[in-house]
Amino acid sequence: MVSLVFSTMSKCKDDGNAPARSEYSVSTENDFAVTHMNMNISLQEGVISTDDSSAQSNWDTQVSLFVLFLLMYLATVLGNFLIVLLIRLDSRLHTPMYFFLTNLSLVDVSYATSIVPQLLAHFLATHKAIPFLSCAAQLFFSLGLGGIEFLLLAVMAYDRYVAVCDPLRYSVIMHAGLCTRLVITSWVSGSINSLVHTAITFQLPMCTNRYIDHISCEILAVVRLACVDTSSNEIVIMVSSIVLLMTPFFLVLLSYIQIISTILKIQSTEGRRKAFHTCASHLTVVTLCYGTTIFTYIQPHSNPSVLQEKLISLFYAVLMPMLNPMIYSLRNKEVKGAWQKLLGKFSGELMDKENQTWVSEFLLLGLSSDWGTQVALFVLFLAMYLLTVLGNLLIILLIVLDSRLHTPMYFFLSILSLVDICYTNSTVPQMLIHFLSAWKSISFHRCVMQLYISLAMGSTEFFLLGAMAYDRYVAVCYPLHYMVIMHGGLCLGLASACLTAGLTNSLMQTVMIFQLPFCHKVINHFACEMLAVLRLSCVDISLNKVMVAISGFLVIMLPCILVLFSYAHIVAAILRIRSSQGRRKAFGTCASHLTVVSMCFGTAIFTYMRPVGRSSAGQEKMVALFYAVVTPMLNPLIYSLRNNDVIGALKRTLEKLKEKTG
C-alpha cells in the first residue's frame, strides 16, 4: 500500500537525500522543530528507511508536546460533550441558538478527532507514515468539518440577527423546520465541497518524494507533492475559499451591522448591554475562527511559510475546538445556570415529584457498632495506613534518587505507588474518623468524589498492571531490544493511556449512579462503594447492573487477559533457557509483579465479576477492605523484600545519609 510520510514540525538535514528545501523542508529558522532526521526513500520497494540518531536528543520535546496536546484533546472532547449534555438535559436550552451550538460542538469534536489522535501517535513514533487512503479520508473529514463549521457560524449569526432585530417574532421565524433545514444545508454543503476538493487533489500524480511537510494531510501541503503544474488547483482552492469562507463571512458582517444598528437604537444602557451580551460568545468565536482561516488560505501563495501554515493549522485544529466550549460557558449565563442546575441535582437540592427524593447526605454503617471493637480497628488501620503511605513514598523516593532505577519497570512501579497512595487516601482517613464517631455521615458531594476517585484509581491500577506485564514480557522475551522497544515515549504514553482510561471509566460509572433517585440514605459499607450505593436507589437498576458488568469486564478482564497472554509467553521463554541460574534470574524479574497481579486481580474478580444478586454485604466489606487497605500496604513490601535492586538502592541511600550526617 502506498504511504505518505510526515515531517511534523521537524527539520531535515540539507543533503542530497533530504527533500528540497524550497518545496518540502522547513526553513532553518524553525525554532519549533522537535526532530532532526535524515530520511531516504526507496520507491522501487516502497520502503522508507530512517536514520534517527539525532532525533533522540530532542525526544523530550516530543514527549512534552504529546502530553500537552493529549491534555488539550481531552479538554476538547470533555468540554464539547459537556455542552451537548447540558443542552440535552436542560429544557431551558431547547432553543434555536443552543440547537446550533450542539451541532457546532459535535463538529468540533469530530474535527479534532480527525487530526489529533494521529498527531499524538506521531509524537511517539519515529516512522511518521500514513496510508494513502487514510490520508485521503483525513483530508476529506477535516476539510468537510471545517467548511461545515464556517457555515454553522453564519447560520448562528443569522439567528442572533433575528433574536436582536426582531425579538417578538423570533420563535415564529426560527421555527424547528427552518433550523433543521439550515443545519442540514450546512452539513451537505461542507461535505460536497470537501468531496470535490479531495477528489481533485488525489487525482494529481505524486512525485517520488512523498514527504508531507505538515502535521496532517492538509490540502495545500498535499498539493505541493504533485509533479505537475498545480496552478489550476490553487485557483480552485482560492475560489472555494471565497465561496465557503468569504460568503458566510459577509453574511456574518451583514448580520452584525444590523445587530449593532439595532443595539444603538436602544435607549437604556441596560438594554444595550443585555442585547450585546446575547451575541458576545458567538462574536468571539467568529473573530477567532474566521481570522485564523482567512490568514491561512486567502493570503497570496507565491511565498508561503510552511511553519506559519503548521502553527495556524495547529491553532485551528487543536485550540479552537478546545476554546469554543469555554467561551460559550464562561460568557453565557444560561449555560452556567444549566451547569448549576445539573450540580444541584447531584447535590440533592431537587426533589422528585413521586416520593423519589434526592438526599443531601448518606450514613455509613461501617464495620462494627461495638465501641471497643471500633477503637481496636482504629489503631490497627491507622498503623496500616501509615505503613502504606510511608512504604509507597519510600519506593517513589528511592526510584527518583537512584539513577540505576531509572528504567521502564521502576517508572511503572513509581506510578503504581502513587496510585496506591491516592486510592488509600480516598477511603481510609474517613474510615478512621468514623471509627471514633457516633454519627457516621458523609455529604452527597464527598460521596460522589470518594466513589469517583477510588473507582478511577482502582481502574488505573488494573491497566497499569497490564502495562507492567507487557514490560516484563519484553524484558524476558526480547532482552536485547528492551530499551529500544520500551523507550521513554512509549512508557509515558502507556501510563497516560492507563490514567485516561481509568478516569473515563470512573466518570461514566459515577454519573450513571448518582443521577438515580435514592429512597434510602443508609449505606451498608465503610465507604461509598459502587454496589453499595446502587442498592439505595428506588428505581430499576438493571441497566446499571449491566454497565457494572461491562465495566468490570473491560477494566478487569481485558488487562487480566493481557497479563495471562504476557506470562504465557514469559513462561515459554523461561522454559527454553537451559541453565537453572538463568531460569531463576528470569523468573525473579517477574516474581514481584506476579504476586501483586494475583492479589489485585483475584480480589477484584471476586468482588465485581460474580452475580450481583448473590453478593453478601459482609463479604463485600471484607474484600473491599482487603483491596483498599491491605493490597496498597503490601505492594511496597513485595517490591522491596523480593527485589534486590530496590534493596540495593535503599542501602546506598542509607549510606549516603550516614556519610552526610557523619
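Placement of Cβ uses the backbone N, Cα and C atoms for every residue, glycine included.
What TrEMBL records for this protein:
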- 79-328: domain 'G-protein coupled receptors family 1 profile' (DOMAIN)
- 391-639: domain 'G-protein coupled receptors family 1 profile' (DOMAIN)
- 63-86: transmembrane segment (TRANSMEM)
- 98-116: transmembrane segment (TRANSMEM)
- 136-158: transmembrane segment (TRANSMEM)
- 235-257: transmembrane segment (TRANSMEM)
- 278-299: transmembrane segment (TRANSMEM)
- 375-401: transmembrane segment (TRANSMEM)
- 407-428: transmembrane segment (TRANSMEM)
- 449-470: transmembrane segment (TRANSMEM)
- 482-501: transmembrane segment (TRANSMEM)
- 549-575: transmembrane segment (TRANSMEM)
- 587-610: transmembrane segment (TRANSMEM)
- 622-641: transmembrane segment (TRANSMEM)
Per Cβ pairs under 8 Å, the stretch of 375-401, 407-428, 449-470, 549-575, 622-641 packing most closely against the transmembrane segment (482-501): 449-470
Close approaches to the transmembrane segment (407-428) from elsewhere in its chain (Cβ under 8 angstroms; 6 or more beyond its ends): 381, 385, 388-389, 392-393, 395-396, 399-400, 450, 453-454, 457-458, 460-461, 464-465, 467-468, 471-472, 475, 482, 486, 491, 494-495, 498, 526-527, 589, 628-629, 631-632, 635-636, 639, 645
Spatial neighbours of the transmembrane segment (98-116) far in sequence, C-beta under 8 Å, 6+ residues away: 69, 72-73, 76-77, 80-81, 83-84, 87-88, 138, 141-142, 145-146, 148-149, 152-153, 155-156, 159, 179, 182-183, 186, 215-216, 317-318, 320-322, 324-325, 328, 334
Best-contacting stretch, by C-beta pairs under 8 Å, relative to the transmembrane segment (549-575) and drawn from 375-401, 449-470, 622-641: 449-470
Reported mean pLDDT - the domain 'G-protein coupled receptors family 1 profile' (391-639): 83
Distant-in-sequence neighbours of the transmembrane segment (622-641), which means Cβ under 8 A and at least six residues beyond its ends: 367, 381, 384-385, 387-388, 391-392, 394-395, 413, 416-417, 420-421, 423-424, 427-428, 454, 458, 525-527, 529, 592, 595-596, 599-600, 603-604, 606-607, 647, 650
